[in-house]
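Presented below is the structure to which this report refers.
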Amino acid sequence: MQIYLPIAEMSVNVLLILGMGGGVGFLSGLFGVGGGFLMTPLLIFIGVPPAVAVGTEANQIVASSVSGVLAHWRRGNVDLKMGTVLLLGGLVGSGLGVVLFRFLRGLGQIDLAISLSYVVFLGIIGGLMFVESLNTLFRSRRPRKSAKAKGSGGRHNWIHGLPFKMRFRKSKLYISAILPFAVGLLVGVLAAIMGVGGGFVMVPAMIYLLGMPTQVVVGTSLFQIIFVTANTTFLQAFLNQTVDVVLSLLLLTGAVIGAQVGAKAGARLKGEQLRILLALMVLAVCAKLGLDLVLRPDDLFGLARGGGH
Amino acid sequence: MVWRAAVARAALGALLLLALLAAPARAQTQPLVADLSKHLVAITTGFSGTDVLLFGATDGPGDIVLVVRGPPGREVVRRKDRAGIIWVNADSVDFEDVPAFYWLATSRPLDEFANPAVLERHQIGTGNLRLPVADFAEIPPQTRTDFARALVRLKTAEGLYGEEQGVVRQLANRLFRAELHFPSNVPVGTYMVEVYLIREGEVVSAEITPLIISKVGVGADIYDFAHNQPALYGIAAIIVAVAAGWLAGVAFRKS
């Protein structure tokens, strides 16, 4: 069954798009990542123009994040205060990111910049997360209970010396607001350049940099992603007219259902197992994109897209 | 650059007008008449490509060549090159007035009946397409041909360029018909369907019929909304997404 996408200007199989939405939505609910870093390359792979893929994906992440955050909200796993500070940083960051995006596009190397930032960030984060969670897993197998529990202990002193200290009750943290703001800002910049929600950067940053408990991390990052991707959707629709609502509706129909199932499955898995799975997935995408950069392309020539009108 | 395209369009328009004005007067003696089963291809929500029937008659034996040309536009072809260990976009060539779509159909293989010079003059066949290069003087000829070949190859891979030899059916040396296939990714705009009657290697008669391809219905409305009211469209897209996400969340709580 085929449907014509008015903005992407192509016809696609409805079941294929629903399936892609469902699959990525499942992972999104499971890990608390928006899934953009999987869906955007997938959409480009099936022939959607990259600019439309990025704009539409942002819109779809809004939906799956709303649906995902509801499930976490009911379990009390959203730290609103932390989410708001992250969000403020995220909005500033995505503004900066849009400026940087335009600058890179002016240089004519935006494709390379996107691919490289994917490879670098997915590689670093996936690698760190994989090693860390393997360590945790082996430690927890020993009879001694994990002595080095997560929390505020063992942090560098200068971090505790930062001003604007705030108490984040849900996250059981008493840290400077500058820290989550900076994390949000960095993720916002990346989100704008890479055309993703940024959950795959934010989730590890919240766990390892801020020291938040894993349970709260997922709901809180989804909460923040809703607003950052809504902002991206608006900017893309307003500046580039690259948001295809038909494609987005199809994707989100699959994704919201997938996200619900994923969130339920996630509740049954241990934190370390979740992290190992997420790490492996991130590394797989990184390897694919890295190989594409390094291997000799099948066709050295290509048609430039998206800038023709 | 822009004025050249504008001049080309104006010239094309004038030619078309001339052809239209001349047509009724010559109707009696015309060696070739042809028409399409429809002159408007509507891209609706269910659009997944379409076929248009071209049919016509000749005043005697001869070979038929059909050329479908899409609206002309700019295309940029890039070539990757090695930088260190990674492949990056290096050179690029800008082509102007490149047909967005080009399809050739013939009654017999071209080399059996047509004079190569004639084919070149009428730009019949993807190899004979004139692809004007911007910054012509700065680009060496070898590079121009390499990139032009790549352009045709890439468009062919997308299903937008192609050649089909021997698919025009002829009946009793008088009537002919052919199915023109337009894929789902066909660009919108005004197309020209050219029909050539060839005898002894030369074009003895030709006819041009316009074909409009445009979006209609819900898809067209969405496209217009997105382009005319981009801010409202963005907000609407967000509202739809939030509502859909919330709906799914509520639906799943009950189960």
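Backbone N, Cα and C define each Cβ position, glycine as well.
Copied over from TrEMBL, here are the features:
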type	residues	note
TRANSMEM	A:12-39	transmembrane segment
TRANSMEM	A:85-104	transmembrane segment
TRANSMEM	A:116-138	transmembrane segment
TRANSMEM	A:173-194	transmembrane segment
TRANSMEM	A:206-230	transmembrane segment
TRANSMEM	A:242-262	transmembrane segment
TRANSMEM	A:274-295	transmembrane segment
Interface present between the transmembrane segment (A:242-262) and the transmembrane segment (A:116-138) (three or more C-beta pairs under 8 A): no
When counting Cβ pairs under 8 Å to the transmembrane segment (A:173-194), the leader among A:12-39, A:85-104, A:206-230, A:242-262, A:274-295: A:85-104
Seg_contact(the transmembrane segment (A:242-262), the transmembrane segment (A:85-104)) with at least 3 CB pairs under 8 angstroms, min sep 6: no
Residues of the parent chain within Cβ reach of the transmembrane segment (A:206-230), under 8 Å, 6 or more residues beyond its termini: 31-34, 36, 58-59, 61-62, 65-66, 68-69, 72-73, 75, 77-80, 82-83, 86-87, 90-91, 94, 128, 132, 150-152, 155, 168, 170-173, 175, 179-180, 183-184, 187-188, 191, 197-199, 266, 271, 274-275
Long-range Cβ neighbours of the transmembrane segment (A:85-104) (under 8 Å; 6 or more residues past either end): 110, 113, 166, 177, 180-193, 198, 202, 220-221, 223-224, 227-228, 231-232, 235
Residue numbers, six or more beyond the limits of the transmembrane segment (A:12-39), whose CB comes under 8 Å of its CB atoms: 1-3, 5, 46, 48, 57-58, 60-61, 64-65, 67-68, 71-72, 118, 122, 194-200, 203, 217-219, 221-222, 225, 229, 247, 250-266, 269, 274, 277-278, 281-282, 285
